[in-house]
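As annotated by TrEMBL, ATP binding site applies to 91, 92, 93, 94, 95, 96, 97, 98, 99, 100, 101. Taken from TrEMBL, the feature domain 'GHMP kinase N-terminal' applies to 62-144. Marked as domain 'GHMP kinase C-terminal' by TrEMBL: 207-282.
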Ligand code: HSE
């Protein structure tokens with residue numbers, strides 16, 4: 001068998017939670033990071049270009065490289081020395097799954113360079129263990145909108161029907177919010193009322209996404225498990241939400257742990273919703289980039 005010497009892995013951004021689906025649902029978006037691994041006898045080299053390239057570590061602490069090493073640890077082989085070229089399209093620490101792209105990218109590249117000893121399911125389980133929750137890494141790997149739940153012997157993954165007329169619009173502000181900080185503000189216990197609220201609204205969300213029934217979608221994007229605690233970390237949240245809804249969005253939620261905000265709308269209202277979100281943030285002094293981003297349905301691609 002010939003040894004593969006170079007491989008490029010392209011991984012989509014993801015938006016997790018979708019309101020009431022905290023830590024269990026996410027969707028892949030057409031925005032990508034690309035990672036090229038080349039065997040290289042002269043030791044680790046990491047080169048980064050693209051969006052916010054200067055913020056990425058280029059030593060052994062790099063998360064992409066850590067994931068690559070993890071794969072080799074798991075299969076109990078010595079990892080090859082590599083040169084890694086990173087092309088970033090997904091902004092960092094914005095709630096768009098940039099860490100998930102690194103984890104998935106490193107594991108998938110490692111697996112292919114090792115001759116693909118692990119199945120996609122095994123890679124996915126390693127990715128979930130590394131990230132600590134499944135809602136970014138699963139759609140990053142598989143594409144589309146995915147629900148992950150613990151099964152009796154491992155993870156159960158469902159692809160979630162997303163009606164083609166529902167379009168995501170994301171507004172990415174020019175400030176970062178670490179997932180750690182956004183998780184630290186969450187309570188460790190919730191009331192029965194809040195649990196019931198989320199169970200009902202999550203069910204409604206799944207039906208709303210499948211059917212595009214507007215009144216269901218409008219109600220379904222509400223959440224009581226994480227958003228009420230996180231909104232204070234995102235200045236202008238209420239104004240951006242009101243502007244998005246007034247411009248024709250069904251509703252707005254925090255993308256992942258934030259601070260990016262995600263509105264769902266239809267094709268017709270997309271430009272107006274994006275402009276309204278950007279302007280609302282501008283009025284409170286926050287610069288942002290807002291645009292519609294269709295769902296990616298392929299997940300990770302290798303070439
Ligand atoms: N479900 C996670 C959270 C996504 O909201 O904290 C962030 O990585």
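The backbone N, Cα and C atoms fix where each Cβ goes, and this holds for glycine too.
Just so you know, TrEMBL annotations never went through curation; they're auto-generated.
Recorded features from TrEMBL, shown on the structure.
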residue	record	Cβ neighbours (10 Å)
91	ATP binding site	21
93	ATP binding site	21
95	ATP binding site	30
97	ATP binding site	33
99	ATP binding site	22
101	ATP binding site	31
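According to DSSP, residue 95 (ATP binding site) sits in a coil region rather than a helix or strand. Secondary structure of the domain 'GHMP kinase N-terminal' (62-144), assigned with DSSP and counted as helix (H, G, I), strand (E, B) and coil, comes to 46 helix, 7 strand, 30 coil. Secondary structure by DSSP for the domain 'GHMP kinase C-terminal' (207-282): 45 helix, 9 strand, 22 coil.
Across the residues of the domain 'GHMP kinase N-terminal' (62-144), the predicted structure has a mean pLDDT of 97.
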